[in-house]
Amino acid sequence: MREDTKVYDITIIGGGPVGLFTAFYGGMRQASVKIIESLPQLGGQLSALYPEKYIYDVAGFPKIRAQELINNLKEQMAKFDQTICLEQAVESVEKQADGVFKLVTNEETHYSKTVIITAGNGAFKPRKLELENAEQYEGKNLHYFVDDLQKFAGRRVAILGGGDSAVDWALMLEPIAKEVSIIHRRDKFRAHEHSVENLHASKVNVLTPFVPAELIGEDKIEQLVLEEVKGDRKEILEIDDLIVNYGFVSSLGPIKNWGLDIEKNSIVVKSTMETNIEGFFAAGDICTYEGKVNLIASGFGEAPTAVNNAKAYMDPKARVQPLHSTSLFENK
């Protein structure tokens, strides 16, 4: 296993939106920063699961595509140098006798004066389609993630699911795909009422209450066989792509073994965003405190608090309250 013996000021676990803003703010406080991300790219769930979706509750943006928000955060972060480690899952964090944190991933050992974890809901994976031959079509035309709407242009697309993601993808693909069908096991969708209203007003083929029964096709799925719930009807759809939106399962995984105070799968923090371990901070959906609201906007506020207090932890002479950003950048 490789070992990076450099001791960084701040190591951030998680490269989602809150992690990226944390890295930028660490640069503003003149800290050396490292980001460790388990996925192959930065952006967290926004990039991996919802890159084409619009976000409406980020201050200053009437609406912004998820991937555009990530791109903006990466551009903002690029004002400073960071070390970025992708496809590395942190397996253990240990505070050594000298106060330096030792972080061990599946690839490398890292060292840091402080740690800020911004890992969202922890590791996540999609709920798989439980049909006998489903796995053989993964990576072909069975999709659990949609990273580019245009690859479905002119194609016949079936979507399984009844939540917000399924309905949103159906509505966004309607003007792009040749044909879109959405299949849900219940007549009533779980998605937001306004989205469901738009769905029924659209040209999307809504099939309820049906469940997938069989996938037919040699190299790729060519037909999707549906069975009516508590009924005898069957439907066979000719399709080019199948998108499964059955939600995702998240887990804190090894984080539970790091000696942190955990409450309902969240890390308990003080008003400084520090955990029960001195020098170990948390921000974003991974942490909890009285009155906590899980929003990206909330995480963007928690990130500077974590960084400024991490700076004061490393250097007691440093001010927790930073200078205004205008004074920091006006000569740059």
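Including glycine, each Cβ sits where the backbone N, Cα and C put it.
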From D187, D241, D261, D285, the one annotated by Swiss-Prot with E37, Q45, Y50, V90, F124, T326 for FAD: D285
List every residue in the same chain as E37 (FAD binding site), at least 6 positions away in sequence, whose Cβ is under 8 Å from its Cβ. G14, G15, G19, G44, I84, C85, L86, E87, Q88
Relative to the Cβ position of F124 (FAD binding site), how many further Cβ atoms are located within 10 Å? 18
Which residues, sitting 6 or more apart from Q45 (FAD binding site) on the same chain, put a CB under 8 Å from its CB? G16, G120, N121, F124
By a three-class reduction of DSSP, Q45 (FAD binding site) is assigned helix
